[in-house]
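Sequence annotations record features per position, and here TrEMBL assigns domain 'Tetrahydrofolate dehydrogenase/cyclohydrolase catalytic' to 5-116. The domain 'Tetrahydrofolate dehydrogenase/cyclohydrolase NAD(P)-binding' annotation in TrEMBL covers 135-276. Under the heading NADP(+) binding site, TrEMBL lists GLY161, ARG162, SER163, ILE227.
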Amino acid sequence: MATILDGKQTSEKRLETLREAIAGSGLHPKLATVIVGNDPASQMYVRMKHKACEKVGIASVGVELPADATTRTVVDKVRALNRDGSVDGILVQLPLPSQVDTGRVINAISPEKDVDGYHPENMGHLFLGKPRFSSCTPTGIMTLLAEYQIPVAGARAVVAGRSIDVGRPMAALLLNADATVTICHSKTKDLAEELKRADILVSAVGKPHFITKEMVKEGAVVIDVGINQLEGKLVGDVDFEAVKEVASAITPVPGGVGPMTIATLMENTFRSAQERACDRVL
Ligand SMILES: Nc1nc(=O)c2c([nH]1)NC[C@@H]1CN(c3ccc(C(=O)N[C@@H](CCC(=O)O)C(=O)O)cc3)C=[N+]21
């Protein structure tokens with residue numbers, strides 16, 4: 001039976017430590033979120049982020065733009081937040097509606113306020129092995145692995161999915177931690193065979209029951225980034241009940257990776273506030 005990697009509990013512990021650090025810092029960090037349209041799932045995630053801010057003592061403002069907003073409107077809003085000296089972190093909730101050019105919006109975010117780590121400059125730092133802000137989900141996963149003292153150096157890590165928000169930065173972080181990294185995607189040949197080599201398997205595919213027991217090596221650590229609705233229930237990518245019998249450790253959905261994403265966002269926002277305060281002194 002696998003160890004359940006409890007992201008909810010780990011996240012709560014980190015948020016409490018962060019709350020104390022912020023209270024003792026004399027700083028007043030602030031996060032701005034931008035949401036375009038009224039997708040209920042996106043609205044729920046943004047609400048969760050504002051709630052976490054409240055818990056740790058980060059001020060937050062939410063900008064809501066209509067579903068038919070243009071790229072120009074979103075970029076102008078981002079630029080206004082760049083100029084607003086009281087804002088430390090800017091998060092533009094993804095996905096954006098199809099008429100909005102996501103790349104241009106992300107490029108418009110000032111790299112020092114890009115607490116999601118999606119800006120090409122921050123991606124570049126990450127890939128060069130010296131991350132400034134790295135994306136919240138993969139960074140939260142690294143924190144969870146560290147919390148449970150799971151060795152990464154030398155491990156064979158296999159990432160399923162190559163998205164900008166999870167797969168790519170996940171691979172970079174695992175490489176920075178000296179894992180031997182393989183990235184799999186929709187064109188990968190012999191996917192099951194690749195996955196079965198993994199000591200650490202990260203699935204960010206978005207398909208329920210995508211990872212079956214047969215694809216997992218005995219004793220592997222399995223990280224499930226999937227968020228899927230199945231018969232009205234929230235499930236990950238991993239066939240949890242079967243895979244937990246072969247894995248040595250596994251993240252549940254919910255209560256695994258998701259809460260770690262939010263804890264990391266709070267940590268990144270505080271770090272941004274600290275660095276911006278230093279810059280004002282220098
Ligand atoms: N710019 C941007 N940054 C993001 O970080 C970002 C985004 N866009 N777009 C959407 C995804 C998704 N995401 C989640 C965060 C927390 C949970 C989370 O805490 N989930 C709870 C369950 C919540 C429930 O009950 O549905 C859990 O897994 O335990 C899930 C998903 C951040 N995202």
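The backbone N, Cα and C atoms fix where each Cβ goes, and this holds for glycine too.
Please treat TrEMBL annotations as automatic predictions, because they have not gone through curation.
Across the residues annotated as binding NADP(+) (GLY161, ARG162, SER163, ILE227), the two Cα atoms farthest apart lie 16 Å from each other.
Counting every protein chain shown, 23 other Cβ atoms lie within 10 Å of the Cβ of GLY161 (NADP(+) binding site). Taking the domain 'Tetrahydrofolate dehydrogenase/cyclohydrolase catalytic' (5-116) as a whole, pLDDT averages 98 in the prediction.
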